[in-house]
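Right, I'll just put the structure down here and ask away after.
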Amino acid sequence: MSDGDYDYLIKFLALGDSGVGKTSVLYQYTDGKFNSKFITTVGIDFREKRVVYRANGPDGAIGRGQRIHLQLWDTAGQERFRSLTTAFFRDAMGFLLLFDLTNEQSFLNVRNWISQLQMHAYCENPDIVLCGNKSDLEDQRVVKEEEARGLAEKYGIPYFETSAANGTNVSLAIETLLDLIMKRMERCVDKSWIPEGVVRSNGHTSADPLNEEKEKGSCGC
């Protein structure tokens, strides 16, 4: 797909404590590579990827492919950048929330990140996929899978154990998030309403500031 040759531009935000592997996961997804020498993200960065999304119809048939331009925003996990990070929450349509399977505190902080999303995202029930990263470091693991899955079930969000080093479940996690977003858009009664994190190929968003309160209750929020 050439520049501008897409149906939707969709913004994802990767969140989580510093050092959980957000940059490495996004790099693995967009480039299929792992770089163990990434330095800590300062502020905000992003990567891009073009994909084709095909949804199954009610009869099981695969529908027309939607051409998606994904912007994957990479945020700093340090507390001193928190105000900058939260400023980007409303502009994103979906959230990839990561913790480090070898760092219990990063898992305990997942609740705080979700609380921040509920306060600052485009609606109180945004689409989130939870990822326990660094699954390849099994001998260093301190967070049990059943504990992480239990937390995800409490919030009603999908959970994957990922590895930026070998690519395990990285694409699946992001594809699941995209599927959630596209289905949310399909549920919109008024198809002219699309959250601010989605831009049509003509460059227009459909958010109307005069109807912001009405929009907060739209599309399954």
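The backbone N, Cα and C atoms fix where each Cβ goes, and this holds for glycine too.
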Please identify the range among 11-19, 38-46, 65-73 that Swiss-Prot labels motif 'Effector region'.
38-46
Across all protein chains in the structure, which of the disulfide-bonded residues C123, C188 has the highest Cβ count within 10 Å?
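The most densely surrounded of these disulfide-bonded residues is C123.
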From the Cα of C123 (disulfide bond) across to the Cα of G19 (GTP binding site), what is the distance in angstrom?
28
What kind of secondary structure is K134 (GTP binding site) part of, going by DSSP in three states?
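Assignment for K134 (GTP binding site) reads coil.
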Tell me the Cβ neighbour count for K22 (GTP binding site), meaning other Cβ atoms within 10 Å of its Cβ, over all protein chains shown.
29
Work through the binding-site residues one by one (G16, G19) and point out the residue whose CB has the fewest other CB atoms within 10 angstroms.
G19
